[in-house]
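Enquirer: According to TrEMBL, the protein has these features:
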- 49-509: domain 'Major facilitator superfamily (MFS) profile' (DOMAIN)
- 42-60: transmembrane segment (TRANSMEM)
- 118-137: transmembrane segment (TRANSMEM)
- 149-171: transmembrane segment (TRANSMEM)
- 177-205: transmembrane segment (TRANSMEM)
- 217-238: transmembrane segment (TRANSMEM)
- 244-264: transmembrane segment (TRANSMEM)
- 316-336: transmembrane segment (TRANSMEM)
- 356-374: transmembrane segment (TRANSMEM)
- 381-402: transmembrane segment (TRANSMEM)
- 408-430: transmembrane segment (TRANSMEM)
- 451-473: transmembrane segment (TRANSMEM)
- 485-505: transmembrane segment (TRANSMEM)
Amino acid sequence: MPSGVKNKKMGPLSEASSENESKPLGIQFLECVKRRRLSYKAYQAIVLIVTFFAYASYHATRKTTSIVKSTLDPQSSDFGLKFAPWRITYVSKPIEKRGLSWVLGDGWSPFNGSDGTALLGELDVAFLSIYAFGMYFAGHLGDRLDLRIFLTIGMVGTGIFTSLFGVGYWANVHSFYYFLAVQMFAGLLQSTGWPSVVAVVGNWFGKRKRGLIMGIWNAHTSIGNISGSLIASAMLSYGWGWSFVVPGLLIAFVGLMVFLFLPVNPESVGADRDEDILEDLTQKTGDEITEPLLHSDSEEKEKAVGFIEAWKIPGVAPFALCLFFAKLVAYTFLYWLPFYISHTAIDGKYLSSETAGNLSTLFDVGGVLGGILAGHISDRLGARAITAASFMYCAIPALFFYRSYGDISLTLNIVLMFITGMFVNGPYALITTAVSADLGTHSSLKGNSRALATVTAIIDGTGSVGAAIGPLLTGYISAESWSAVFTMLMIAALIAGLLLTRLVVAEVAAKIAESRSQASTASRPPVDTLEV
């Protein structure tokens with residue numbers, strides 16, 4: 001009897017010990033300090049916080065290139081502006097010999113020559129092309145590997161190659177191919193980020209209020225852009241190399257935090273879903289209650305969804321193609337907005353590179369509001385496609401007004417930039433978060449949780465191809481006319497909206513049918529009356 005009791009007690013202890021060993025070291029430390037296991041909601045909070053800062057740091061490193069562009073290539077030729085150098089005035093500290101700086105050797109070779117703008121555009125397309133290419137493989141690997149390790153490697157690697165770009169400043173490197181190679185490796189490593197964080201968040205959160213939760217969570221994109229802009233701008237006065245090294249060290253540090261604290265899924269830390277959590281994870285359609293969004297039984301053998309199979313999930317292709325054009329617009333602003341601002345006379349005055357970089361953050365502040373609004377509206381309407389398409393159509397006049405009237409005054413520029421950021425980043429945020437998570441847990445997958453990273457990678461990877469093309473074309477077109485660049489962006493926004501037409505029609509038809517059904521039910525007399 002004592003022996004039996006002993007065995008009975010040892011079993012759970014042994015199981016708990018084994019489970020504890022699999023937990024991240026940071027989680028073990030927190031439980032040791034609290035002297036009890038963390039609750040499910042505590043794990044959810046940790047997931048949101050850790051993934052938020054993880055992806056914000058990815059975007060902070062991605063943003064630095066756009067801030068440093070005006071320092072590498074300070075040439076102030078036409079750019080469609082037709083202002084003589086000697087008539088330039090400045091809102092902030094002037095840049096010496098700005099108009100003739102490229103002739104006198106200011107800037108950084110090889111980017112300070114007559115083809116400097118095009119070379120910078122080629123760096124962008126190299127980074128984003130490899131990023132898009134790597135995204136497809138990252139999603140495939142993410143559904144098959146430990147996401148915590150995978151994400152940590154990607155972040156530390158990104159930090160190393162981002163810093164290596166800055167090292168070129170102190171090493172006096174002037175080879176275009178050095179910077180090209182560094183950007184390509186950085187792009188490959190950056191592709192590990194998005195599929196991983198969306199998959200982790202999808203593992204912990206159900207569909208109820210997903211649009212709002214992920215809209216708020218997706219503020220990491222804009223927060224990353226803002227912090228990256230502010231850090232890079234602040235470091236410019238110490239030498240442009242620091243604008244890369246500091247964000248590089250930052251993402252490596254956050255990568256270490258991911259390794260220490262990120263619980264990939266409830267099963268990896270032995271977290272139990274409480275009844276209220278199970279309720280959140282239950283997908284409701286009308287009065288019908290279907291299976292939980294993701295099965296909690298990880299022991300059940302699930303095959304990771306294949307690349308072609310994932311493309312066939314209803315809605316994946318239209319949203320992926322829509323994101324192609326939505327990211328073309330968003331990333332053109334991400335990489336070229338500070339450059340555009342510094343080369344545009346606002347109220348007859350030019351801004352320094354540092355001031356332009358700081359001002360450009362207001363586009364991302366608008367993006368934060370846009371992402372939250374798009375998520376909340378799509379939750380209330382229960383219509384992701386209608387929301388995304390509406391925002392894309394609204395982005396067209398916003399782009400037109402920003403280009404046409406943004407140079408009248410600084411105040412008007414700020415207001416129009418904020419509105420443009422809201423409409424451009426709103427649908428981009430919605431598609432890359434809530435829509436990707438919805439489709440990665442589509443009913444056709446029958447609860448298979450091993451499709452999230454693959455579907456997310458397909459959608460964002462396709463979008464990233466557009467993100468590569470936009471900045472590349474801008475590098476060439478802007479040398480002739482910025483008006484032509486904005487025309488390209490407006491056409492892209494229009495196409496993005498049109499690509500969702502079939503889904504919009506289907507959602508409208510479903511809403512009409514639902515409304516008629518409710519009206520019919522409301523007008524039907526009670527059963528007792530019929531019997532009388």
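Just so it is clear, glycine is given a Cβ too, placed from its N, Cα and C backbone atoms.
Any idea what these are sitting next to in the structure?
Expert: Same-chain residues lying 6+ beyond the ends of the transmembrane segment (42-60) with a Cβ under 8 Å from its Cβ atoms: 27, 151, 155, 158, 190, 193-194, 197, 200-201, 204-205, 217, 219-221, 223-225, 227-228, 231, 247, 250-251, 254-255, 257-258, 261-263, 266, 269, 271.
Packing against the transmembrane segment (118-137) from elsewhere in the chain are residues 65, 69, 72-73, 110-111, 176, 179-180, 183-192, 194-195, 307, 331, 335, 457-458, 460-462, 464-465, 467-469, 471-476, 479: each is 6 or more residues past its ends and has a CB under 8 Å from a CB in it.
Below 8 angstroms of C-beta separation, residues 54, 57-58, 61, 64-65, 108, 138, 141-142, 178-179, 182-183, 185-186, 189-193, 196-197, 239-245, 247-256, 258-259, 262 of the same chain, each at least six residues beyond the ends of the transmembrane segment (149-171), sit close to that stretch.
Tertiary proximity for the transmembrane segment (177-205) is limited to same-chain residues at least six positions away from its ends with a CB under 8 Å from its CB atoms, namely 43-44, 47-48, 51, 54-55, 58, 61-62, 65, 122-123, 126-135, 137-139, 142-143, 147, 150-151, 153-155, 157-158, 161-162, 164-165, 168, 213-214, 217, 262, 264-266, 280, 294, 432-433, 436-437, 440-441, 449, 452-454, 456-457, 460-461, 464.
Within its own chain, the transmembrane segment (244-264) has Cβ neighbours under 8 Å at 23-27, 43, 46-47, 50-51, 53-54, 57-58, 60-61, 63-64, 68, 146-149, 151-152, 154-156, 158-163, 165-167, 200, 203, 228, 231-232, 235, 271, counting only residues six or more beyond its boundaries.
Outside the transmembrane segment (381-402), and at least 6 residues removed from its termini, the chain residues within Cβ reach (under 8 Å) are 211, 315, 318-319, 322, 326, 329, 370, 374, 413, 416-417, 419-420, 422-424, 426-427, 430-431, 434-435, 438, 486, 489-490, 493-494, 496-497, 500-501, 503-504, 506-508, 511.
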Enquirer: Determine which recorded stretch among 217-238, 356-374, 408-430, 451-473, 485-505 has the most C-beta pairs below 8 angstroms with the transmembrane segment (316-336).
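Expert: It is 451-473 that shares the most Cβ pairs under 8 Å with the transmembrane segment (316-336).
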Enquirer: Report, as numbers and ranges, every residue of the chain located at least six residues beyond the transmembrane segment (356-374) whose Cβ falls under 8 Å of a Cβ in that stretch; write 'none' if there are none.
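Expert: Long-range Cβ neighbours of the transmembrane segment (356-374): 66-67, 70, 211-212, 215-216, 218-219, 221-223, 225-226, 229-230, 232-233, 236, 333, 337-339, 341-342, 387-388, 391, 413-414, 417-430, 433.
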Enquirer: For the domain 'Major facilitator superfamily (MFS) profile' (49-509), report the average pLDDT of the model, please.
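Expert: Reported value for the domain 'Major facilitator superfamily (MFS) profile' (49-509) is a mean pLDDT of 80.
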